[in-house]
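Colleague: Encoded as structure tokens, here's the structure I'll be asking about.
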Amino acid sequence: MALLLLNHMGNDQNEYIKQHVQVKNPYLDTMEEDILYHFSLSTKTHNLPEMFGDIKFVCVGGSANRMKAFAQFIHQELELPGNPEEVRDICEGTDRYCMYKVGPVLSLSHGMGVPSISIMLHELIKLLHHAQCSDVVLIRLGTSGGVGLAPGTVVVTNKAVDYSFCPQFEQVVLGKVITRSTELDEGVANELLQCSAELKRFPTIIGNTMCTHDFYEGQGRLDGALCSFSHEEKLEYLKKAYEAGVRNIEMESTVFAAMCRVCGVKAAVVCVALLNRFEGDQITSPHDVLVEYQQRPQVLVSHFIKKRLGHIV
């Protein structure tokens, strides 16, 4: 883990300085209680440092069922005691998100799209801050549409880009547009690519990921309820995206990258491509094939976590 080294008291012994999760809101210090409403947690009703202080890896994904499955999978991979089938949803008091803690790993759902993951990230980052977590890596696991890629290819995001292929996220605050950078941690991305080379189970690349605010028109699909462009215009846009380094399209990466960057959290996005958008818009692979595709980011990230924890030399 990339940590800052400091020469301590003038001697030759180097000491690691922990990188704590930061919040960028001075008003939080004035609050007697911080209610994490969508998690059904609170700083007054729960001992967050005791519950979450040992978290080193946070893995998030859109589907509640998929993130429960990942929690059960990582439980087995880390060979932890107990029955993986009995992992408990910490957010069972709400129906917005699910959350499972498995040793030093937290597995959460974030729903679909920028607004849903944004709400989750605000409360997650505050949770990690209140719990005094340090040296945490956040990873989004997901599915996506590939751009010039064979179905089943895993993309580790280099930069999350917007509709104009720029590495930025625009947030409207009090009627004004704030622009934030969406560059992700290069070291973590390279580690993940190396893990895939060690696994030798599926193709993995590093590329830019385009984040849109819509699954249909925003991604240039011809099969939505509305369509105001031609097949030729769609292909021209996808070609421009490819030339700009875009290799897949999804709906959460820009705000994820931007918020993690502002709060000093190392982050990565790992998504499998379910289809090549140059060849069509609808997902036609058989169900069992899609299930195996969706497991590929989980397998890769599991290998990454086990390496970080020293389970794999």
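Residue numbers in this text run from 1 along the chain shown.
Backbone N, Cα and C define each Cβ position, glycine as well.
Note: TrEMBL annotation is automatic and uncurated.
The phosphate binding site annotation in TrEMBL covers R96, R140, L141, G142, T143. For Q219, R221, the entry in TrEMBL reads substrate binding site. The disulfide bond annotation in TrEMBL covers C91-C98. The domain 'Nucleoside phosphorylase' annotation in TrEMBL covers 56-306.
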Colleague: Counting across all protein chains present, how many other Cβ atoms fall within 10 Å of the Cβ of R140 (phosphate binding site)?
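Modeller: Summing over all protein chains shown, R140 (phosphate binding site) has 29 other Cβ atoms within 10 Å.
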Colleague: Can you tell me how spread out the phosphate site is, meaning the largest CA to CA distance among R96, R140, L141, G142, T143, in Å?
Modeller: 20
Colleague: Least buried of the recorded positions R96, C98, Q219, going by other Cβ atoms within 10 Å?
Modeller: R96
Colleague: If I take the Cα of Q219 (substrate binding site) as reference, which of the binding-site residues R96, R140, L141, G142, T143 has the closest Cα?
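Modeller: It is T143, whose Cα lies nearest.
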Colleague: Restricting to the domain 'Nucleoside phosphorylase' (56-306), what is the model's mean pLDDT?
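Modeller: Mean per-residue confidence for the domain 'Nucleoside phosphorylase' (56-306): 97 out of 100.
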Colleague: For C98 (disulfide bond) and R140 (phosphate binding site), determine the Cα separation and express it in whole Å.
Modeller: 15
Colleague: List the residues of the same chain that sit at least 6 positions away from T143 (phosphate binding site) in sequence and have their Cβ under 8 Å from its Cβ, in sequence order, or write 'none'.
Modeller: G62, E250, C271, V272, A273, L274, Y293, Q294
Colleague: Counting only residues 6+ away in sequence within the same chain, which have a CB under 8 Å from the CB of G142 (phosphate binding site)?
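Modeller: Correct list: G61, G62, E250, E252, V269, V270, C271, V272, P297.
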Colleague: Which ones in the same chain are close to R221 (substrate binding site), with CB under 8 Å and 6+ residues apart in sequence?
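Modeller: Listed in sequence order: F215, C227, K234, D281.
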Colleague: Counting all other Cβ atoms within 10 Å across every protein chain shown, which of the recorded positions C91, L141 scores highest?
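Modeller: Checking each of C91, L141, the winner is L141.
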